[in-house]
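Have a look at the structure below before the remarks.
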Amino acid sequence: MSDSIDHVLQEEHLVAPSPEFAQRATLHAEDYQQMYRESLDDPEAFWGRVAGELHWHTPWTQVLDWQEPHAQWFVGGKTNIAHNALDRNVQRGLGDKRAIIWEGEDGEIRTFTYSQLLDDVQRAANVLTSLGVVAGDRVTLYLPMIPEAVIAMLACARIGAIHSVVFGGFSVNALADRIGNAESKLLITADASYRRGAVVPLKDNADAAAQKAGVLEKMLVVRRTGSAVQMQDGRDVWWHEAMQDAGTEHEAAALDSEHPLFVLYTSGSTGKPKGVVHTTGGYMAATYLTMGAVFDLKDDDLFWCTADVGWVTGHSYIVYGPLLNGASVLMYEGAPNQPDWGRYWDMIERHKVSILYTAPTAIRSFMRAGDEFPNRFDLSSLRLLGSVGEPINPEAWRWYWRVIGGERCPVIDTWWQTETGSIMLTTLPGAFPAKPGSAGLPMFGVDAAIMNMQGEELEANEGGYLVIRRPWPSMLRTVYGDDDRYRKTYWGEIPHVYFAGDGARRDADGYFTVVGRVDDVLNVSGHRLGTMEIESALVSHPSVAEAAVVGKPDAVKGESVVAFVLTQSGHTVDPAELRKHVTREIGALARPDAIYIADALPKTRSGKIMRRFLRQVAAGQEISGDTSTLEDPAVLERLAATPVQ
Ligand code: WTA
């Protein structure tokens with residue numbers, strides 16, 4: 001291994017960590033090799049040691065019970081992740097350390113020490129209990145990026161209620177689907193949220209979704225903007241009033257290690273979004289470990305993950321991972337270009353952020369906005385940069401490294417998924433050189449491989465499917481209410497391995513490069529969208545008879561949504577109206593960038609739409625590949641000549 005590292009170091013596309021970084025780093029190449037080997041050879045000892053650093057009310061009797069495709073970790077153990085994130089840190093003397101520094105889009109700043117956060121979470125746990133929420137109940141959160149989102153998540157975890165956070169940019173219908181699928185008892189929302197100075201009426205959306213879903217008993221409403229809202233008698237309660245009345249004494253519930261911690265909805269290639277279920281003990285151990293190791297976390301770091309808590313990145317690396325480690329996190333409410341593209345850099349300078357974790361799509365937007373924005377600020381507090389959510393192109397990687405990191409901060413590219421719960425592939429920043437564009441090596445306990453559909457492992461540099469050959473602690477346990485879908489999607493594609501749904505290759509040094517989805521899932525600005533979901537939204541409009549959606553490479557967003565629609569006879573399609581309709585059905589993130597109003601779609605004789613050809617049309621490429629299976633190959637020429645709207 002070290003030979004091969006020496007060898008790759010000579011290649012020019014490698015970027016080694018600066019000697020200053022490497023020297024201060026906790027884990028070096030030998031540590032990684034030894035720990036990685038142990039994590040696979042003796043997972044019980046390895047994970048037992050990691051989990052053993054945290055507090056357990058009752059110790060486990062068995063580290064892993066694996067009955068494919070169902071894993072149980074830390075069997076028989078009882079613990080509480082919120083206790084570990086808060087009480088434990090206060091007990092070990094971190095009570096006065098800053099847990100969260102929050103900045104509103106309007107510049108307001110609120111700071112919570114570990115003691116203060118614990119206080120609020122205890123109060124909120126009492127509020128939930130007083131509203132009749134008990135362990136196992138589902139609670140949906142539809143909130144802006146405000147500290148109450150973190151407090152509400154931890155309060156749920158504290159009493160064993162299962163949180164389901166729904167991104168605040170989702171529409172009424174998307175929210176209603178998620179509330180309905182989870183059969184949530186309580187919805188926690190806010191009067192409204194700020195986004196680029198505009199006010200987004202969350203409570204109005206919540207009211208409409210509550211009516212559609214029909215299952216909610218209570219609604220807890222945080223006051224953020226002071227907008228006028230309708231409070232429904234007997235159902236709606238103001239957060240600030242309930243918090244004021246609640247006591248700060250609260251004992252965290254001792255929960256089974258496999259007690260569900262949260263459901264998080266994500267898009268798949270078929271049907272409605274699926275509720276990915278994560279449980280307590282394993283998720284806790286893996287987010288705790290990866291946060292410390294991957295980000296080489298030090299006591300004095302200020303960590304900023306720019307994701308929204310509505311996505312898994314926010315769950316694992318704004319909330320659970322950092323707080324379990326007793327870290328200080330910066331949390332920001334708003335848009336990166338508010339008031340201008342200097343906002344992040346201004347915040348980094350003012351708060352002295354040392355680790356920044358963001359997405360390639362944001363990096364590409366910053367690149368496009370120009371170096372003058374970051375160059376205006378002092379970014380010398382930064383020591384490490386991370387990327388997540390989609391493949392990062394080498395050009396964006398280099399810009400991030402040079403302009404933001406001053407060629408001083410390692411850039412780590414982290415591959416993982418909602419389903420994996422924690423980072424799965426990345427090179428440890430102080431241990432290995434990075435290869436821009438390649439995520440890197442597997443994390444501890446991750447037995448990753450590249451296979452073909454027959455389950456044969458491929459040679460170095462051959463492209464294939466990314467799989468994981470054994471369970472890891474933060475693996476999803478099931479799809480909420482649909483275990484069959486869990487089996488089929490993740491363990492039923494290639495026998496006996498977890499199928500990630502991504503195409504990838506591994507080079508001779510063992511570095512993995514993840515190329516993108518191999519299913520009908522788009523990645524638009526780092527957000528997963530199912531083509532089927534958008535198609536059903538389109539055909540639910542009266543003017544549309546049929547629709548096909550594909551992705552088109554986009555210089556900033558990674559991919560953009562392109563829709564091909566057939567007009568319902570007797571109607572005309574209005575592209576602007578159709579975009580509004582998709583926004584209403586799913587959310588602005590799914591709005592098609594380009595719409596082709598077509599007279600036919602390229603279908604095989606058996607009626608299957610050949611999306612491959614649509615992708616070529618969308619990208620403006622020459623049609624290539626065998627068109628002879630098409631019922632009417634001339635469709636493609638007509639589509640290529642169709643104006644884009
Ligand atoms: C993609 C986000 C390449 C991938 C944590 C995956 C990546 C999907 C990377 C999961 C990366 C995420 N390099 N591709 N570093 N990180 N992806 O569930 O296609 O929102 O399957 O989780 O994003 O997206 P999700």
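Backbone N, Cα and C define each Cβ position, glycine as well.
Fair warning: this is a prediction, and the values are worked out from it, not measured in the lab.
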Report the candidate from Asp371, Asp378, Asp502, Asp554 that shares the ATP site with Gly389, Glu390, Pro391, Asp413, Thr414, Trp415, Trp416, Gln417, Thr418, Arg517, Arg528, as recorded in TrEMBL. Asp502
Euclidean distance between Cα atoms of Thr414 (ATP binding site) and Asn337 (CoA binding site), Å: 24
Pull the DSSP breakdown for the domain 'AMP-binding enzyme C-terminal' (533-608) and write it out as helix, strand, coil residue counts. 21 helix, 29 strand, 26 coil
Taking Cα atoms as reference points, rank the recorded positions Gly197, Ala198, Val539, Val544, Lys608 by distance from Arg517 (ATP binding site) and give the first. Lys608
If we take the Cα of Gly389 (ATP binding site) and draw a 10 Å sphere, the binding-site residues of Arg195, Arg196, Ala198, Val539, Val544 inside it are none
Binding-site residues Gly389, Arg517, Ser525, His541, Val544: those with Cβ under 6 Å from an atom of ligand 1 are Gly389, Arg517
Alpha-carbon spacing, His541 (Mg(2+) binding site) to Arg196 (CoA binding site), which is rounded to whole Å: 29
Using C-alpha positions only, work out which of the recorded positions Pro391, Thr414, Thr418, Val544, Lys608 is nearest to Thr313 (CoA binding site). Thr418
Give the three-state DSSP assignment (helix, strand or coil) for Thr313 (CoA binding site). helix
